[in-house]
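Following: one structure in C-alpha cells, then a few remarks.
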Amino acid sequence: MFMESGPLRQLLPHAIHVAEAVKDVEPKENMNPFAAIESAGLQQAAEQRRLEFLTTRCCAHAALEATGVPPEPLLRGSHGQPLWSSGVIGSLTHFATNEDHASVYRGAAVTTLDEFALLGIDAEPRSPLPKGTSEAIVTDAEQRAAAGLFHPAPGLPVSRLVFSIKESFYKARFPVAASWLDFLDVQVDFDRPEFCDPASDSAQSEPISAELDVSGTCSIRMINRTRRHRSLPDTLEGRYLVSGHRILTAVILEARELTRGPD
Ligand SMILES: CC(C)(COP(=O)(O)OP(=O)(O)OC[C@H]1O[C@@H](n2cnc3c(N)ncnc32)[C@H](O)[C@@H]1OP(=O)(O)O)[C@@H](O)C(=O)NCCC(=O)NCCS
C-alpha cells in the first residue's frame, strides 16, 4: 500500500523515516492492531474521514517501525496532535483532491529526538486557496517576493504553498510550544527555487510551462514577537516540493539547534 519513492521521501533527509500512500486501506485489510483504540473518537465521523485516519495511522506505524520503536497506539492529544512515543517525534498529513476523493494522499514522517527536535509536514493540492482567503494567510512581503521568484511557473498557487509551509511550521512547533499561531504571525522567506520540467526531468532556468515541478528551501520567521517561545528559535528551516497535482512541505529543526533558543 505504500509508495516506493514518494514526494515526502524526496523532500526529507534519510534520518527521517516516511511512509506515504495514494490509496486508502480497505478496513478489512487493515493490519493496524491499534486501529480501534486510536479511532475511538471517530465513530460519528464520515466514512472518508475514518478511512483517511486509518490509512494515515498505517503510514505512521510503518514509519515508527522503521524508526525502531516498540509498537504502541498513536493517540491524539486534546488539540488533535499525535502523541508520539517517548524519544520520537513525527508529523502526519492527508488530503483528497476533490469531493469524491478520487485522488488522495496520506503521509507520515517520524524520527528520533536524538536527531531532530521539531518536525512538521503538510500536503496540499496544487490549486489556489478558496477566493478571499489568501489575505489572511499571505503577507504583502511574501506576495511580492514570490512574484519575483516563481515567475517561471506562472500557474503555481503561491498562496497555497505559503499556507502549507505555515501549517508545517505550526505542526512542527506545537509539541513544544503548545500554542495557537495566526498565519500572519509568521513570514516565509523563500530561497531561490529550482524548476524542473517533469517531461524532460532536467533542471531548468527559463520558463517552459505552467506545470513545472518547483522545489526549494525557505526560512519561516516569527514576526509577531508576542508569540515567541523561550526555548525555540524564532526562525526555522522549511522545504517544499510542488510536483504533479501535489504540494508537499516540511519544517524541521535538528536536535543540536534546539539549545539555541530565540534568535
Ligand atoms: C492542525 C492543522 C495544522 C492541520 O492541518 P490540515 O492541513 O488541516 O490537515 P493535515 O491533513 O495536513 O494534517 C492533519 C493532521 O495534523 C495533525 N495535527 C492536528 N493537530 C495538530 C497540532 N496541533 N500539532 C501538530 N499536528 C497536529 C494530526 O495528526 C492530523 O491528522 P489526524 O487528525 O488524522 O491525526 C490545521 O487544521 C490547524 O488547525 N491549523 C492551525 C492554524 C495554523 O496552522 N496556523 C499557522 C500559523 S503559522
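Indices start at 1 and increase along the chain as displayed.
Even glycines carry a Cβ here, placed using N, Cα and C.
Among the features that TrEMBL reports, CoA binding site is placed at Arg49, Arg57, Thr93, His94, Asp122, Glu167, Lys171, Leu181. Summarising the annotation, TrEMBL assigns Mg(2+) binding site to Asp122, Ala123, Glu124. Positions annotated as domain '4'-phosphopantetheinyl transferase N-terminal' by TrEMBL: 40-95. Look at TrEMBL and you will find 119-192 tagged as domain '4'-phosphopantetheinyl transferase'.
Projection of TrEMBL feature records onto the structure.
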residue	record	DSSP class
Arg49	CoA binding site	helix
Arg57	CoA binding site	helix
Thr93	CoA binding site	strand
Asp122	CoA binding site	strand
Glu167	CoA binding site	helix
Leu181	CoA binding site	coil
Integer Cα-Cα distance in angstrom, Leu181 (CoA binding site) to Glu124 (Mg(2+) binding site): 19
C-alpha spacing of Glu124 (Mg(2+) binding site) relative to Lys171 (CoA binding site), in angstrom: 14
Residues among the binding-site residues Arg49, Arg57, Glu124 that border ligand 1 - Cβ under 6 angstroms, in sequence order: none
Length of the line joining the Cα atoms of Arg57 (CoA binding site) and Ala123 (Mg(2+) binding site), in Å: 15
Proximal but sequence-remote residues of the same chain as Ala123 (Mg(2+) binding site) (Cβ under 8 Å, at least 6 apart): Pro7, Leu8, Thr93, His94, Phe95, Tyr105, Gly107, Ser164, Arg246, Ile247, Leu248, Thr249
Cβ packing number for Leu181 (CoA binding site), 10 Å threshold: 16
Inter-residue C-alpha distance, Arg49 (CoA binding site) and Glu124 (Mg(2+) binding site) (nearest angstrom): 16
Cβ-based isolation winner (fewest other Cβ atoms within 10 Å) among the binding-site residues Asp122, Glu167: Glu167
Cβ packing number for Lys171 (CoA binding site), 10 Å threshold: 22
Of Arg49, Arg57, Thr93, His94, Glu124 (the binding-site residues), the residue whose Cβ has the fewest other Cβ atoms within 10 Å: Arg49
Inter-residue Cα distance where the pair is Glu124 (Mg(2+) binding site) and Glu167 (CoA binding site), in Å: 10
Maximal Cα-Cα distance (Å) across residues annotated as binding CoA, namely Arg49, Arg57, Thr93, His94, Asp122, Glu167, Lys171, Leu181: 25
